[in-house]
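Inspection log for the structure reproduced underneath, given as structure tokens.
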Amino acid sequence: MNEFILKVPKVELHLHIEGTLEPEMMWMLGDRNQIQLPYPSVDAIRRAYRFQDLQSFLEVYYAGMSVLQTEQDFYDLTWAYLQKAQQQTIRHVELFFDPQAHTQRGIPFPVVYYGIHQALQEAQKQYGLSSQLILCFLRDRPPASALQTLEQALPYRAGIRAVGLDSAERDYPPSHFRFVFERARREGFLTVAHAGEEGPPSYIWEAIQLLRVSRIDHGVRCIEDPQLLAYLQQTQIPLTVCPLSNVKLRVFDQMADHNLKTLLDLGIAVTINSDDPAYFGGYLGENLEAAQTALHLSQAEIVQLLKNAIEAAFVSAQRRTDLLTELESFVAQSGPVPSETPWSES
Ligand SMILES: Nc1ncnc2[nH]cnc12
Ligand SMILES: [Zn+2]
């Protein structure tokens, strides 16, 4: 990977912890928990990671989760991601988790929560890697189930910064979850929502106006609505864009067609993230590199994307300043890259 991209301090804001389940770990946990997987080998799991759209991915994603059974499993999953994050110089991460995908299989909420939480605490201690946890409701399950999940989460609210909305988007508009999100905000949670990944721009408006989100996850279909573009530009509501995910799930045919540079040029607060890195071919570094290569992003544009993520993070003013200072001193010490100089490979 390009040395600058690997070593520059980074912030990740759109990462499903269940989407970091690499085939090797799925196989190991299947064995450990005596879970029969529908695949004969690790290679066969990897071969199944070919998707036509969001729905075809979600089927594999939810099936894979069946191997996650104990608090130790959730700890091991999270710790493996955090080690990867540390290798890629990620300094702060905001992780989604999907409790309903586990509680509906009979795994108690605290088993899921504590496994993830303990690993996050350990990464803060060992690496100084800060984090926030975001509880996602599955939008293709009834709002009553989301409300029940929110109530299960209340005893753990000190460790959960925000609630979000994910899973199948088409035909599941944010408006269905208005009252759940109102309750979450009354309980002190910030809000985010996946919108405008496969769904129309009207879902982005609903997320903003009805769910009062601080950020939009994906949001790339905002490009179809000039008024929305103007609004996002004016308000600087951030978009957590996931380039490799968008290509794997055929939101864009190829990386060169991705609209993130156009959005960046319009002054929209775009950030780059990995979504489900085990399934989509790369972690944050690979996402930055793939976008940089295909869209010919300059180093200044990469730095702008990283600054946007720091601005959009759910951190204290002090932590934000520290993250910005670390980024700026890294950039200053790595020296200016003249625009005509090709990016060096390592
Ligand atoms: N890209 C994505 N969109 C919606 N729900 C998800 N759950 C995990 N990844 C997702
Ligand atoms: Zn996502």
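Glycine residues also receive a Cβ, built from the backbone N, Cα and C atoms like all the rest.
Whatever TrEMBL says is automated annotation, not expert-curated.
According to TrEMBL, the active site, proton donor annotation covers GLU197. Listed in sequence order, LEU54, GLU169, ASP217, HIS218, GLY219, VAL220, ARG221, ASN246, LEU249, VAL251 are the same-chain residues at least 6 apart in sequence whose CB falls under 8 Å from the CB of GLU197 (active site, proton donor).
Sequence-distant neighbours of HIS14 (Zn(2+) binding site) (same chain, 6+ apart, CB under 8 A from its CB) are GLU94, PHE96, ASP217, HIS218, THR240, VAL241, CYS242, THR271, ASN273, SER274, ASP275. Among the features that TrEMBL reports, Zn(2+) binding site is placed at HIS14, HIS16, HIS194, ASP275.
Around ASP276 (substrate binding site), a 10 Å sphere centred on its CB holds 25 further CB atoms from the protein chains shown. Per TrEMBL, substrate binding site is recorded for ASP276.
Per TrEMBL, domain 'Adenosine deaminase' is recorded for 9-328.
Here the Cβ of HIS218 (site 'Important for catalytic activity') has 28 other Cβ atoms within 10 Å, regardless of which shown protein chain they belong to. Summarising the annotation, TrEMBL assigns site 'Important for catalytic activity' to HIS218.
Using a 10 Å Cβ-Cβ cutoff, HIS194 (Zn(2+) binding site) registers 29 neighbours. Confidence in the domain 'Adenosine deaminase' (9-328), given as mean pLDDT, stands at 98. Recorded residues HIS194 (Zn(2+) binding site) and ASP276 (substrate binding site) have their alpha carbons 14 Å apart, per Cα-Cα distance. Taking the centroid of the Cβ atoms of HIS14, HIS16, HIS194, ASP275 as the Zn(2+) site, the other same-chain residues with Cβ within 8 Å of it are LEU15, GLY19, PHE96, ASP166, ASP217, HIS218, THR240, CYS242, SER245, ASN273, ASP276. HIS16 (Zn(2+) binding site) is 6 Å away from ASP276 (substrate binding site) when you measure Cα to Cα. Ligand 1 lies under 6 Å from the Cβ of the following recorded positions, listed in sequence order from HIS14, HIS16, HIS194, HIS218, ASP275, ASP276: HIS16, HIS194, ASP275, ASP276. Under a cutoff of 8 A between CB atoms, and with a sequence separation of 6+ in the same chain, the neighbours of HIS16 (Zn(2+) binding site) are LEU95, PHE96, PHE97, ASP98, CYS136, ASP166, ASP275, ASP276.
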